[in-house]
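A short worksheet on the structure shown next.
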Amino acid sequence: MEHTEKSKGPAEKGLLGKIRRYLSKRPLPSPTDRKKFDHDFAISTSFHGIHNIAQNQNKVRKVIWLSVVLGSVSLLVWQIYSRLVNYFMWPTTTSIEVQYVEKIEFPAVTFCNLNRFQTEAVSRFGIIFFLWDIVSKVLRLQEISGNNTGSPEALDFVASHRNFSITEFVKNNGFYLNHDTLVHCEFFGKTCDPKDFKHVFTEYGNCFTFNYGENVQSKNKVSVSGRGLKLLLDVHQEEFTDNPVPGFADAGVIFVIHSPKKEPQFDGLGLSSPVGMHARVTIRQLKTIHQEYPWGECNPDIKLRNFTTYSTYGCLKECKAKHIQRLCGCLPFLLPGNGVECDLLKYYNCVSPILDHIERKGLCTMGTHNSSCPVPCEETEYPATIAYSTFPSQRATKFLAKKLNQSQEYIRENLVNIEINYSDLNYKITQQQKAVSVPELLADVGGQLGLFCGASLITIIEIIEYLFTSFYWVFIFFLLKILEMIQRTSPPQTV
C-alpha cells in the first residue's frame with residue numbers, strides 16, 4: 001500500500017498534473033448552459049435576422065429567415081471582396097484646377113549661342129569640338145557611344161597637353177555676355193543688364209540664366225499678361241563658330257524655360273530662334289502633383305544633396321557623379337558635388353567608358369518608383385507656344401545699323417529678338433489623387449454591412465466575443481481530455 005502511494009505521488013506532482021488540476025478548477029458550462037448561451041446571443045445580437053431564426057417556432061419561417069440571412073451574408077462578402085480588390089488595384093483620378101492670381105512668378109530663362117566657341121580659339125585648338133563632346137557627354141540622359149575616344153589626334157593632344165583645363169578654355173573662349181552681345185534687355189518695363197544673368201555650363205558651353213535661384217524668384221513677378229522678358233542679342237557670327245558636322249550648323253540662340261529652382265535641361269528640350277527673327281513666346285505655368293507608390297510612381301523620401309528641389313534631371317546628374325567619383329576618383333566639372341576635377345586623360349580613360357557602363361547596366365534609371373530617379377512628386381513646367389516674324393524691318397534695320405554702328409547686312413545676320421510673356425495670369429494644377437482613400441474604403445464597407453445585415457463595428461465586436469468564448473470552452477475541454485489520455489497511457493513508475 002505504501003509502495004503504491006509513493007508511485008502515484010510523482011505523477012500527481014508533475015507538470016501535467018499541475019496543469020490538469022489548474023484547468024479542472026476552471027468551470028466549464030454544461031451542454032444546457034451552452035445552448036442557453038447560444039440562444040441568448042442569437043436573440044440579443046445587433047446582427048439583424050438571427051433573432052428571427054432563433055425565436056420563430058414555425059419551421060418554414062425559420063428556413064425562410066435562414067435563407068435571407070445566408071443570402072445577405074453572401075452578398076455582403078461579395079461586395080466587400082469587390083471593394084477590397086478595387087482598393088488594392090490602387091486606382092487614381094486626375095483633377096485639373098485653374099487658379100487666377102494678381103501676380104505670377106516668372107520662370108527662369110537660360111539661353112546659349114548656337115555657335116559655341118570663338119573662331120580664334122578654335123583655329124588654335126581645332127580638336128576642342130571633339131573634346132567638348134566627350135566632356136559634355138555626362139549631361140545627356142541616355143547615350144551609349146561607340147569607340148569614339150580612340151582618335152589618334154585626340155590622344156596625341158591629351159598626351160601633349162596634360163595641364164590643359166577644358167573648363168577654363170570654354171569659360172574664356174566660349175560665348176560671353178556683355179553690353180555688346182546683350183544689346184537690349186527689359187523685364188516687365190524695367191531695364192536689365194548682364195549682371196542680372198548667371199553663368200552656367202551646359203552642352204552648349206557658356207550659357208546664361210535670367211531669374212535663376214530661389215533668392216530672386218520672389219521679386220521677379222509679373223502682374224499683367226503680355227508683358228515679361230524682352231531680349232535683343234548679338235550672336236557675333238564673325239567672332240564665334242562651331243563644327244557643322246555633328247549638327248551645329250545653325251546661327252542663332254537656343255533657350256529653355258524652366259523653374260527657377262531647377263537647373264536648365266537642354267537635352268532635346270530647347271527652343272531656338274535664328275538670326276534675323278523675332279521669336280514671340282507665350283507661356284503658361286503648369287504644376288503637376290504625382291502620388292507616391294503604389295498609387296503613383298514618385299518617392300517623397302528621395303532627397304538630393306546638391307539641389308534644394310528634387311528633379312529627375314538633377315537626380316540623374318547626382319547618380320552619375322556618385323558612380324564616376326567612386327570608380328574614377330574624380331568628378332566632372334559639369335556634375336554637382338565636391339571632388340577633384342577630372343582632367344582630359346581621366347575623361348578618356350575612365351569617365352567616358354564608365355558612362356557607357358552606367359547606361360548598359362542600368363545603374364542610373366528614371367521614371368518608375370523603383371528606379372534610381374523616379375518622377376518628382378511635384379514639378380512645375382512652362383508649356384510654350386512660339387511664333388516667328390522677320391526681324392528687323394527695313395526701317396528698323398537702318399535704325400539699328402546707325403545705333404550700333406554696324407552695316408545693315410550685319411544687323412540681319414547677327415541680331416536675335418526674343419520676347420517671353422505669360423498668356424494669362426493663372427496657373428493650372430494637374431493633381432493625381434487616390435480614387436479610394438482608407439476612410440472612404442471603411443465607409444463603403446460599413447455601408448455594405450448596414451445595407452445587407454444591419455451590422456456595424458459593434459456587431460463585429462459582439463461576434464468576435466461570442467466566437468472567442470465558444471473557442472475558449474472547446475479548447476479547455478479538449479485540453480483536459482488530452483491531459484487525461486496522457487496520464488492514462490504513461491508507464492507506472494517503480495522504485
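Each residue, glycine too, has its Cβ placed from N, Cα and C.
Noted in Swiss-Prot for the protein shown:
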- 1-61: topological domain 'Cytoplasmic' (TOPO_DOM)
- 62-82: transmembrane segment (TRANSMEM)
- 83-459: topological domain 'Extracellular' (TOPO_DOM)
- Cys112-Cys207: disulfide bond (DISULFID)
- Asn147: N-linked glycosylation site (CARBOHYD)
- Asn163: N-linked glycosylation site (CARBOHYD)
- Cys185-Cys192: disulfide bond (DISULFID)
- Cys298-Cys377: disulfide bond (DISULFID)
- Asn306: N-linked glycosylation site (CARBOHYD)
- Cys315-Cys373: disulfide bond (DISULFID)
- Cys328-Cys350: disulfide bond (DISULFID)
- Cys330-Cys342: disulfide bond (DISULFID)
- Asn370: N-linked glycosylation site (CARBOHYD)
- Asn405: N-linked glycosylation site (CARBOHYD)
- Asn421: N-linked glycosylation site (CARBOHYD)
- 460-480: transmembrane segment (TRANSMEM)
- 481-495: topological domain 'Cytoplasmic' (TOPO_DOM)
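Of the candidate recorded positions, Cys192, Asn306, Cys377, Asn405, the one lying closest to Cys342 (disulfide bond) when CA atoms are compared is Asn306. The secondary structure of Asn163 (N-linked glycosylation site), as reduced to three states from DSSP, is coil rather than helix or strand.
A gap of 9 Å separates the Cα atoms of Asn306 (N-linked glycosylation site) and Cys315 (disulfide bond). Annotation note: Asn421 (N-linked glycosylation site) sits in a strand segment as assigned by DSSP. In the three-state DSSP assignment, the secondary structure recorded for Cys315 (disulfide bond) is helix. Between Cys315 (disulfide bond) and Cys112 (disulfide bond), the C-alpha separation comes to 23 Å. Spatially, by CA atoms, the recorded positions Asn163, Cys207, Cys298, Cys377 include one closest to Asn370 (N-linked glycosylation site), and that is Cys298. Under the three-state DSSP scheme, Cys328 (disulfide bond) falls in the helix class.
Cys207 (disulfide bond) sits 16 Å from Cys185 (disulfide bond), counting Cα to Cα.
Cα distances from Cys330 (disulfide bond) to the recorded positions Cys112, Asn163, Cys185, Cys373 are smallest for Asn163.
Counting every protein chain shown, the number of other Cβ atoms lying within 10 Å of the Cβ of Cys328 (disulfide bond) is 19. Its Cβ placed at the centre, Asn405 (N-linked glycosylation site) has 7 other Cβ atoms within 10 Å. Looking at the topological domain 'Cytoplasmic' (481-495) alone, the prediction's average pLDDT is 66. Neighbour list (Cys350 (disulfide bond), Cβ cut-off 8 Å, at least 6 residues apart, same chain): Ile324, Leu327, Cys328, Cys330, Cys342. Taking CA atoms as the reference points, Asn163 (N-linked glycosylation site) and Asn421 (N-linked glycosylation site) are 46 Å apart. Closest in space to Asn421 (N-linked glycosylation site), of the recorded positions given as Cys112, Cys185, Cys298, Cys373, Asn405, is Cys185, taking the CA atom of each residue.
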